[in-house]
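Asker: Below are the features listed in TrEMBL for this protein:
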TRANSMEM  71-89  transmembrane segment
TRANSMEM  95-115  transmembrane segment
TRANSMEM  185-204  transmembrane segment
TRANSMEM  210-229  transmembrane segment
TRANSMEM  332-354  transmembrane segment
TRANSMEM  374-395  transmembrane segment
TRANSMEM  416-439  transmembrane segment
TRANSMEM  459-481  transmembrane segment
TRANSMEM  493-518  transmembrane segment
TRANSMEM  538-558  transmembrane segment
Amino acid sequence: MEADDYYTKDGTVDYRKNPADKRKTGTWKACPYILGNECSERLAYYGMSSNLMIYFTKQLNQHTADASRNLSNWSGTCYIMPLLGAFLADSYLGRYWTIASFSTIYFIGMTLLTLSASVPGLKPTCSAKDVCQPTGTQTTVCFIALYLVALGTGGIKPCVSSYGADQFDDADETEKNFKGSFFNWFYFSINIGALIASSLLVYIQLHVGWGWGFGIPAAAMAIAVVSFFSGTRIYRYQIPGGSPLTRLCQVLVASLRKHSVPLPADKSQLCEVADETSAIVGSRKLEHTDSFSFFDKAAVETESDLANESKVSAWRLCTVTQVEELKSIVRLLPVWATGIMFSAVYGQMGNLFVSQAEVMDTHLGKTSFEIPEASLTVFDTLSVIIWVPIYDTIITPFARKITGRKNGLTQLQRMGIGLVISVFAMVSAAVLEIVRLGIVKKHNLYDAELIPISVFWQIPQYFIIGCAEVFTFIGQLEFFYEQAPDSMRSLCAALSLTTTALGNYLSSFLVTIVTKASTRGGKPGWIPDNLNYGHLDYFFWLLAALSVLNFGVFLVIAQRYTYKKAVGILR
């Protein structure tokens, strides 16, 4: 076999052309390059974004409301762009080229941001520390850089986890069982990057300078790019199968066109290719399921279809596998929806947990050193770093003995446990607020800026959320990869990421409703500017109650869920 036959046009190894050399590609050999890319990219992202609010207000001289709106718009874009990146990956580019090209865009954005904060003429002119007068051009350059980063992260977020899982062959039981461990260590690498960013880089930005504070994340992104390209020759890849949205629409249109056509009693009579491979490039055939039978009408061959000697349009007749792709997405949506409430709880770490900390004693013991309120998220990161090895080496083997499953717990069981744990995070936060308000009432400290209770009492709520992440977020990563159709894995990964944005929107909506309802009659409300007059604990109890309700809905959905079953081999 010639080298040109062995390697694909993107330089990756197509082991299907030479199965004897399969051992030379993929598996854990390829993962260090992918995990290194993710760790460095997350370090760059969190290192750059953690203090953007301060950069906008102090360096770009923006009002707090304007800075908050600009930050929200940018953050929202970062979680919308994955839909674009995922579509390109699944439809045309493949995950390898999507990650490679968008990582390059990401690095260009980081480099431009560094230049905007360090090069005279591009960086704002400051008459004193944090007293700056940027020009319109300087502000524009900064935001061009930020939105290049948003575009870049949109191609990486939905693809890297799926690309790492692609390195393990689903047809090989030994390799397939490693996927659960991969997702654990993938999330572990994310938090290693976040730990360095939230501790070291935040300090550098505030005390050394923004040029260094953005320059180090840019260097980390360069390392991410180099790490990814270094593994090129040993990666495995999935061939893009064309536009998944087009195929889904074809099933909808075909089923509506044949709404009056009766379904055959023998489902084997539904249209499907006779070959062992699927008609969809890069996807295995899917076994027929009885749910959502209306869509099966798209695969019914009518007399006009059979009489047509030329190829029947896909807008009139679809294969069973194509129909099952749509069914898989429909089945995923209820599970996806239950992740929104969890994300609302998770989002409190950067929201009301910080507000709670602002009225607590942030000194480190009896020293004069004060802990930045937002830096307490480091305990969430540490929790994840601690719990990932515990889950992988202790919980999984223990659960395996009880359940008899090689992965110990199913993905839905794992996610459900995380939802339960998240309830206790809100309970912990509510109890702490009750204690804090008790001190306020006992000593009449309603107008005091700080209450004599250490902010380190917040550690349990951060630590519990970190534990919940290991179960729910990692379970979600694995679930959306395994249950997504082969040719839609990046798109489904992007879909799972949208729960973060929707969770923040839900939290904002709840705050708006609660504030409007609780401030009637001139009352201060649950969440006033001075929390000593409020009842932040009520809001935490509300989130806990909604989380319990959400878990109940999740149980019903999980019990009725039908797992995808692939048959045949990849085309």
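Quick reminder: no glycine exception, Cβ is built from N, Cα and C everywhere.
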Asker: To the transmembrane segment (538-558), which of 185-204, 374-395, 416-439, 459-481 is linked by the most Cβ pairs under 8 Å?
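Answerer: Out of the listed stretches, 416-439 contacts the transmembrane segment (538-558) most.
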Asker: Could you check if the transmembrane segment (185-204) is in contact with the transmembrane segment (210-229), meaning 3+ Cβ pairs under 8 Å among residue pairs at least 6 apart in sequence?
Answerer: yes
Asker: Under 8 Å, at least 3 Cβ pairs, sequence separation 6 or more: does that hold for the transmembrane segment (71-89) versus the transmembrane segment (210-229)?
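Answerer: Between the transmembrane segment (210-229) and the transmembrane segment (71-89), which are separate recorded stretches, there is no contact, as judged by 3 or more close Cβ pairs.
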Asker: Select the range from 95-115, 210-229, 332-354, 374-395, 493-518 that forms the most Cβ-Cβ pairs under 8 Å with the transmembrane segment (459-481).
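Answerer: The stretch with the most close Cβ contacts to the transmembrane segment (459-481) is 374-395.
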Asker: How about long-range neighbours of the transmembrane segment (210-229): same chain, 6 or more residues beyond its ends, C-beta under 8 Å?
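Answerer: Answer is 33-34, 36-41, 43-45, 47-48, 51, 55, 59, 99-100, 103-104, 106-107, 110-111, 113-114, 117-118, 123, 193, 197, 201, 204.
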